[in-house]
Amino acid sequence: MRSTVSVIKADIGSLAGHHVVHPDTMAAANRVLAEAKRQGIILDYYITNVGDDLELIMSHTRGELDTKVHETAWDAFKEATKVSKELGLYAAGQDLLSDSFSGNLKGMGPGIAELDIEERPSEPIAIFMADKTEPGAFNLPLYKMFADPFNTAGLVIDPTMNEGFKFEVLDVYEGQSVVLNSPEEMYSLLGLIGTPARYVIRRVYRKADNMIGSVTSIERLNLIAGKYVGKDDPVLIVRLQHGFPALGEALEAFSFPYLVPGWMRGSHYGPIMPVSQRDAKATRFDGPPRLIGLGFNVKNGKLTGPSDLFDDPAFDETRRMASVITDYMRRHGPFMPHRLEPTEMEYTTLPTLIEKLKPRFKKEEDVKKAKPSVYTSKDQGMD
C-alpha cells in the first residue's frame, strides 16, 4: 500500500514567552484533525509539541503537497491561533506568514516534511522535531546515520546498505539542489553540509534502488519573510531497519550534543539537547535547543505508537554534557563564537544598529581596506 506521512509544524503562540505550547491550543488543533479524519481526508494523526512549536503528524494516501491535507493543517493552526489570541499567549500566529491559504503551505511559514512511500511489511519510522534551531541542524546526524560506519554498523554489515546512499543537498539561498553519492563523494558532501546555514540535506535515498530514507523540512522563515520572525525549528522523518539505519543507529547520531545555530533570539550557537516529551520546553536562555524523537509503525496508512525515543537514561550523559556546554557557551555573552557570524545576523535588528553608527566611523589612513576574496563572486549560485 502506498501511504504518506506528513509532519507540519508552526509556532502559533506559547505560554510565558517562547516556552511551551498551551494545551488549549493543542485541543483546538485536535478538533480540526479529528473532523478531517472523520471525513476521510486523513487516516490517522498525532499532535504534539516541542517548545513553542505545535507539531501535526498526519497519515493519509493523498501524496505530498496535497491541497486538502495542507488546508487541514492550515485550519488547525488558524484555530489554535484564535485560542492563543484569546488567552493572550506570546507571539500568537508567529509562523503564519500569510493571511489566507492558497493551494499548499509551501512558502507560507509552517515547516513541512512529507514522506510518500510504498509500505514495507513492517514500516518503522522515527520523527525528530527540534526547537530553537534551523533545518541545517540535522545535517550532522543525517550524515552519521547514512554515511558514517562508526555510527551505523549496517553500512558495513547490511548488504542492502553497503552500496551507500544519495544525499540531496539544497542551497537555501539560491534555491538550487545537488545530489551527491556516499561514500565516493563523501568529502564533497562534507564540504557543503559543513555550512548548515546554507546547505541543507533535504532527502536521502538508498543507492541500490533509489528508495527514500529520510526527508527534512527546509523552510527558513527569515529568508521567506526578509526579516527575523523566529527560528525555523525543523522536523525530520527517517525510515528505519531492513536496508535503512536501525532505530538504535538513528538515535546514536544524537548521542553527542553538537552545536547548532538558533537559541536566544535566533542569534546564538548552543548544544542540541535530546529530551523526553515532558521536558520539551525552552527554559535557560530560551533553550538550550531541544530535540524530541517519536517512534511509529505505519500500517495500511495508520500510525501505531508513538514511543518517546529519548525518554531513557541512556541519554542522561548526553543531556549532562549539553548542560556543561550550555554553561561554557553562555560565558561568552554577546561575543562570537556564542553569537552567530555576521551573515547569519543580517535578518536580526543588528544591521539597523550598524547603520545608525555609520556616520561616526572615520577612515584610518594607515589601514587598507580588505580586498574581496578571489574565491567568491557576487553571484555564488551554481548556474
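Each residue, glycine too, has its Cβ placed from N, Cα and C.
Annotated features in Swiss-Prot:
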- Tyr228: active site, proton donor/acceptor (ACT_SITE)
- Lys231: active site, schiff-base intermediate with DHAP (ACT_SITE)
- Asp11, His18, Asp52, Gln94: Mg(2+) 1 binding site (BINDING)
- His18, Lys132, Arg265, Asp286: dihydroxyacetone phosphate binding site (BINDING)
- His18, Tyr90, Gly103, Asn104, Lys132, Gln241, His242, Arg265, Asp286, Tyr347: beta-D-fructose 1,6-bisphosphate binding site (BINDING)
- Asp52, Asp53, Asp131, Asp233: Mg(2+) 2 binding site (BINDING)
- Lys231, Asp232, Asp233: Mg(2+) 3 binding site (BINDING)
- Asp232: Mg(2+) 4 binding site (BINDING)
- 374-383: compositional bias 'Polar residues' (COMPBIAS)
- 361-383: region 'Disordered' (REGION)
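All features noted in Swiss-Prot, drawn onto the structure.
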residue: Asp11; record: Mg(2+) 1 binding site; CB count, 10 Å: 32
residue: His18; record: Mg(2+) 1 binding site; CB count, 10 Å: 24
residue: Asp52; record: Mg(2+) 1 binding site; CB count, 10 Å: 30
residue: Gln94; record: Mg(2+) 1 binding site; CB count, 10 Å: 21
residue: Gly103; record: beta-D-fructose 1,6-bisphosphate binding site; CB count, 10 Å: 10
residue: Asp232; record: Mg(2+) 3 binding site; CB count, 10 Å: 31
residue: Asp233; record: Mg(2+) 2 binding site; CB count, 10 Å: 29
residue: His242; record: beta-D-fructose 1,6-bisphosphate binding site; CB count, 10 Å: 15
residue: Arg265; record: dihydroxyacetone phosphate binding site; CB count, 10 Å: 17
residue: Asp286; record: dihydroxyacetone phosphate binding site; CB count, 10 Å: 22
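Rounded to a whole value, the Cα-Cα separation of Asp53 (Mg(2+) 2 binding site) and Asp11 (Mg(2+) 1 binding site) is 4 Å. Counting every protein chain shown, 31 other Cβ atoms lie within 10 Å of the Cβ of Asp131 (Mg(2+) 2 binding site). Around the Cβ of Lys132 (dihydroxyacetone phosphate binding site), 33 further Cβ atoms fall within 10 Å across all displayed protein chains. The record assigns His18, Tyr90, Gly103, Asn104, Lys132, Gln241, His242, Arg265, Asp286, Tyr347 to the beta-D-fructose 1,6-bisphosphate binding site, and the maximum Cα to Cα distance across that set is 44 Å. In the structure as shown, the Cβ atom of Asp53 (Mg(2+) 2 binding site) sits within 10 Å of 32 other Cβ atoms. In this structure, Gly103 (beta-D-fructose 1,6-bisphosphate binding site) belongs to neither helix nor strand by DSSP; it is coil. Recorded residues Asp286 (dihydroxyacetone phosphate binding site) and Gln94 (Mg(2+) 1 binding site) have their alpha carbons 16 Å apart, per Cα-Cα distance. Cα-Cα distance from Asp233 (Mg(2+) 2 binding site) to Lys132 (dihydroxyacetone phosphate binding site): 6 Å (rounded to the nearest whole number). Taking CA atoms as the reference points, Asp131 (Mg(2+) 2 binding site) and Asp52 (Mg(2+) 1 binding site) are 7 Å apart.
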